[in-house]
Amino acid sequence: MARRYDHSKEDLKELIIDSAEKIVSKSGYSALTTRKLAQKIGYSHGIIYSYFKNIDDLVLHLNSSTLQKMHKQISAAIDQNKCSTTQLEEIGKIYLNLAHNDFYKWDLLFNYQYTKINKIPEWYQKQIDSVFNLVQTPIAGISCNKKLIPDLSHIFWAGIHGIVDLSSKSKLEKAKAKSEMELIRTFVKIFISGIENHKN
(Lines of atoms letter the chains of each structure in order from A and count residues from 1; the text may use other names and numbers.)
(Lines give C-alpha, C1' and ligand atoms only; values in the text may rest on other atoms or scores of the structure.)
Protein backbone atom coordinates (compact mmCIF):
# COMPACT_ATOMS: atom_id res chain seq x y z
CA MET A 1 0.00 0.00 0.00
CA ALA A 2 1.32 3.43 -0.91
CA ARG A 3 2.23 5.70 1.97
CA ARG A 4 1.86 9.46 2.00
CA TYR A 5 4.67 11.45 0.43
CA ASP A 6 6.69 12.03 3.60
CA HIS A 7 10.13 12.21 1.98
CA SER A 8 11.81 15.06 0.14
CA LYS A 9 12.68 14.48 -3.50
CA GLU A 10 16.37 13.79 -2.76
CA ASP A 11 15.57 11.64 0.28
CA LEU A 12 13.18 9.52 -1.74
CA LYS A 13 15.73 9.00 -4.51
CA GLU A 14 18.30 7.87 -1.94
CA LEU A 15 15.68 5.59 -0.35
CA ILE A 16 15.01 3.96 -3.73
CA ILE A 17 18.71 3.39 -4.41
CA ASP A 18 19.40 2.13 -0.89
CA SER A 19 16.43 -0.25 -0.97
CA ALA A 20 17.39 -1.52 -4.42
CA GLU A 21 20.93 -2.21 -3.18
CA LYS A 22 19.54 -4.23 -0.28
CA ILE A 23 17.37 -6.32 -2.61
CA VAL A 24 20.33 -7.02 -4.90
CA SER A 25 22.72 -7.76 -2.01
CA LYS A 26 20.28 -10.28 -0.56
CA SER A 27 18.82 -11.98 -3.64
CA GLY A 28 20.72 -10.89 -6.76
CA TYR A 29 19.66 -8.63 -9.60
CA SER A 30 17.05 -11.07 -10.90
CA ALA A 31 15.01 -10.19 -7.80
CA LEU A 32 15.05 -6.46 -8.55
CA THR A 33 11.65 -5.46 -9.92
CA THR A 34 9.77 -2.18 -9.62
CA ARG A 35 6.93 -3.95 -7.83
CA LYS A 36 9.18 -5.52 -5.19
CA LEU A 37 11.09 -2.26 -4.79
CA ALA A 38 7.84 -0.30 -4.36
CA GLN A 39 6.72 -2.69 -1.63
CA LYS A 40 10.03 -2.21 0.17
CA ILE A 41 9.94 1.60 0.11
CA GLY A 42 6.20 1.81 0.81
CA TYR A 43 5.23 3.79 -2.28
CA SER A 44 3.39 2.89 -5.49
CA HIS A 45 5.73 1.50 -8.14
CA GLY A 46 4.92 4.42 -10.43
CA ILE A 47 6.93 6.76 -8.17
CA ILE A 48 10.13 4.93 -9.15
CA TYR A 49 9.71 6.12 -12.73
CA SER A 50 9.68 9.69 -11.50
CA TYR A 51 13.37 9.24 -10.66
CA PHE A 52 14.58 6.52 -13.05
CA LYS A 53 13.60 5.86 -16.65
CA ASN A 54 13.59 2.09 -16.15
CA ILE A 55 15.37 -0.68 -14.23
CA ASP A 56 18.45 -0.28 -16.45
CA ASP A 57 18.73 3.35 -15.41
CA LEU A 58 18.42 2.35 -11.74
CA VAL A 59 21.08 -0.34 -12.17
CA LEU A 60 23.46 2.26 -13.60
CA HIS A 61 23.12 4.24 -10.38
CA LEU A 62 23.61 1.11 -8.25
CA ASN A 63 26.75 0.22 -10.20
CA SER A 64 27.89 3.83 -9.96
CA SER A 65 27.85 3.48 -6.17
CA THR A 66 29.97 0.31 -6.39
CA LEU A 67 32.45 2.00 -8.73
CA GLN A 68 32.78 4.94 -6.35
CA LYS A 69 33.58 2.59 -3.46
CA MET A 70 36.13 0.72 -5.59
CA HIS A 71 37.72 4.01 -6.61
CA LYS A 72 38.02 5.09 -2.99
CA GLN A 73 39.55 1.76 -1.91
CA ILE A 74 42.00 1.61 -4.81
CA SER A 75 43.05 5.22 -4.27
CA ALA A 76 43.75 4.46 -0.59
CA ALA A 77 45.73 1.32 -1.49
CA ILE A 78 47.91 3.30 -3.92
CA ASP A 79 48.50 6.06 -1.36
CA GLN A 80 49.42 3.59 1.38
CA ASN A 81 51.84 1.55 -0.73
CA LYS A 82 54.69 2.99 -2.79
CA CYS A 83 55.81 -0.28 -4.41
CA SER A 84 54.11 -0.93 -7.79
CA THR A 85 54.01 -4.67 -7.14
CA THR A 86 52.22 -4.21 -3.82
CA GLN A 87 49.86 -1.64 -5.32
CA LEU A 88 48.80 -4.04 -8.08
CA GLU A 89 48.41 -6.91 -5.62
CA GLU A 90 46.23 -4.72 -3.41
CA ILE A 91 44.07 -3.72 -6.38
CA GLY A 92 43.60 -7.41 -7.17
CA LYS A 93 42.71 -8.05 -3.53
CA ILE A 94 40.10 -5.26 -3.56
CA TYR A 95 38.52 -6.78 -6.66
CA LEU A 96 38.57 -10.24 -5.11
CA ASN A 97 37.07 -9.01 -1.84
CA LEU A 98 34.18 -7.37 -3.66
CA ALA A 99 33.30 -10.69 -5.30
CA HIS A 100 33.70 -12.58 -2.02
CA ASN A 101 32.04 -10.16 0.36
CA ASP A 102 29.28 -8.76 -1.86
CA PHE A 103 29.00 -11.18 -4.75
CA TYR A 104 25.63 -9.95 -5.97
CA LYS A 105 26.92 -6.38 -6.34
CA TRP A 106 29.98 -7.68 -8.20
CA ASP A 107 27.68 -9.78 -10.37
CA LEU A 108 25.45 -6.77 -11.06
CA LEU A 109 28.44 -4.64 -12.02
CA PHE A 110 29.95 -7.09 -14.50
CA ASN A 111 27.21 -9.45 -15.65
CA TYR A 112 24.00 -7.43 -15.81
CA GLN A 113 22.79 -7.09 -19.40
CA TYR A 114 21.35 -3.67 -20.23
CA THR A 115 18.44 -4.11 -22.63
CA LYS A 116 16.91 -0.62 -22.59
CA ILE A 117 20.10 1.43 -22.88
CA ASN A 118 21.78 1.63 -26.27
CA LYS A 119 24.75 3.68 -25.11
CA ILE A 120 26.34 4.01 -21.69
CA PRO A 121 25.84 7.61 -20.43
CA GLU A 122 28.90 9.85 -20.43
CA TRP A 123 28.77 10.37 -16.64
CA TYR A 124 28.91 6.61 -16.08
CA GLN A 125 31.69 6.07 -18.62
CA LYS A 126 33.74 8.70 -16.80
CA GLN A 127 33.42 6.70 -13.59
CA ILE A 128 34.66 3.55 -15.33
CA ASP A 129 37.53 5.53 -16.83
CA SER A 130 38.46 7.00 -13.44
CA VAL A 131 38.94 3.50 -12.00
CA PHE A 132 41.14 2.46 -14.94
CA ASN A 133 43.08 5.71 -14.59
CA LEU A 134 43.90 4.72 -11.01
CA VAL A 135 45.07 1.29 -12.14
CA GLN A 136 47.40 3.03 -14.57
CA THR A 137 49.26 4.69 -11.68
CA PRO A 138 51.33 1.67 -10.56
CA ILE A 139 51.73 0.53 -14.17
CA ALA A 140 53.22 3.93 -15.05
CA GLY A 141 55.88 3.26 -12.42
CA ILE A 142 56.95 0.15 -14.34
CA SER A 143 56.43 0.93 -18.01
CA CYS A 144 58.48 3.59 -19.79
CA ASN A 145 56.17 3.51 -22.82
CA LYS A 146 53.29 5.85 -21.96
CA LYS A 147 51.32 4.84 -25.06
CA LEU A 148 51.06 1.27 -23.77
CA ILE A 149 49.79 2.14 -20.29
CA PRO A 150 46.03 2.25 -21.13
CA ASP A 151 46.24 -1.12 -22.90
CA LEU A 152 48.28 -2.57 -20.03
CA SER A 153 45.65 -1.47 -17.51
CA HIS A 154 43.00 -3.33 -19.54
CA ILE A 155 45.21 -6.43 -19.75
CA PHE A 156 45.74 -6.30 -15.99
CA TRP A 157 42.00 -6.01 -15.35
CA ALA A 158 41.25 -8.87 -17.75
CA GLY A 159 43.71 -11.12 -15.93
CA ILE A 160 42.39 -10.30 -12.46
CA HIS A 161 38.78 -10.56 -13.63
CA GLY A 162 39.48 -13.97 -15.15
CA ILE A 163 40.83 -15.32 -11.84
CA VAL A 164 37.96 -13.87 -9.79
CA ASP A 165 35.28 -14.92 -12.29
CA LEU A 166 36.54 -18.51 -12.42
CA SER A 167 36.71 -18.54 -8.64
CA SER A 168 33.10 -17.32 -8.35
CA LYS A 169 32.02 -20.30 -10.47
CA SER A 170 34.16 -22.77 -8.46
CA LYS A 171 36.17 -23.54 -11.60
CA LEU A 172 39.53 -22.97 -9.89
CA GLU A 173 38.68 -25.47 -7.18
CA LYS A 174 37.71 -28.08 -9.75
CA ALA A 175 41.01 -27.50 -11.55
CA LYS A 176 42.85 -27.92 -8.22
CA ALA A 177 44.39 -24.48 -8.65
CA LYS A 178 46.07 -22.52 -5.88
CA SER A 179 44.12 -19.97 -3.85
CA GLU A 180 42.80 -16.89 -5.66
CA MET A 181 45.22 -14.57 -3.89
CA GLU A 182 48.20 -16.79 -4.72
CA LEU A 183 47.14 -16.75 -8.37
CA ILE A 184 46.74 -12.97 -8.27
CA ARG A 185 50.26 -12.55 -6.82
CA THR A 186 51.69 -14.87 -9.48
CA PHE A 187 49.83 -13.02 -12.22
CA VAL A 188 51.14 -9.67 -10.95
CA LYS A 189 54.74 -11.00 -11.00
CA ILE A 190 54.36 -12.32 -14.55
CA PHE A 191 52.58 -9.13 -15.64
CA ILE A 192 55.38 -6.92 -14.29
CA SER A 193 58.07 -9.22 -15.69
CA GLY A 194 56.48 -8.99 -19.12
CA ILE A 195 56.49 -5.19 -18.98
CA GLU A 196 60.13 -5.07 -17.84
CA ASN A 197 61.22 -7.52 -20.54
CA HIS A 198 59.42 -5.40 -23.12
CA LYS A 199 61.71 -2.50 -22.21
CA ASN A 200 64.76 -4.43 -23.36
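For all residues, glycine too, the Cβ spot is worked out from N, Cα and C.
The stretch that TrEMBL tags with DNA-binding region, taken from the ranges 33-52, 153-172, 173-192, is 33-52. Each residue of the domain 'HTH tetR-type' (10-70) gets a DSSP state, and the totals for helix, strand and coil are 51 helix, 0 strand, 10 coil. For the DNA-binding region (33-52), the model gives a mean pLDDT of 92.
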